[in-house]
């Protein structure tokens, strides 16, 4: 199962790197909502990694990030998640506090599935925002990603 999560995060990282590049290289064409949404995706991933590690959140969930940091933040989140997958059991329980301070606990597997699902959801929203602003959205569907990879 860890291998499957690694594959999902590699896919998510691949899509995020493409989006981060477009957002940073074409920042003058990109609307504020798209920038805020991508920052939110990166922040949420970082916050969940830090919760698993038992560390402070490191940022707020809607904190704005400069577009020229998107690629590096996503890379760090991805690498940290792969390390977490290597060192944690998917059934390990994590106790954490929500952004508003309420205590909760979930398994590492449930948290990591949420991170991937959350990113996929917001990439769909970004595609809509791109289209509404006259830009061609990136193709970020999982099956298209798999088709582009060499067969193994």
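Any Cβ shown, glycine's included, is placed from N, Cα and C.
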Next on the checklist: Among 13, 14, 40, which residue does TrEMBL annotate as binding divalent metal cation at the site that also has 118, 122?
Outcome noted: 40
Next on the checklist: With the cut-off set at 10 Å between Cβ atoms, which of these binding-site residues ends up with the most neighbours? Options: 40, 118, 122.
Outcome noted: 40
Next on the checklist: An 8 Å radius from the center of the 40, 118, 122 Cβ atoms defines the neighbourhood of the divalent metal cation site; name the other residues of that chain inside it, in order.
Outcome noted: 37, 41, 44, 119, 121, 125
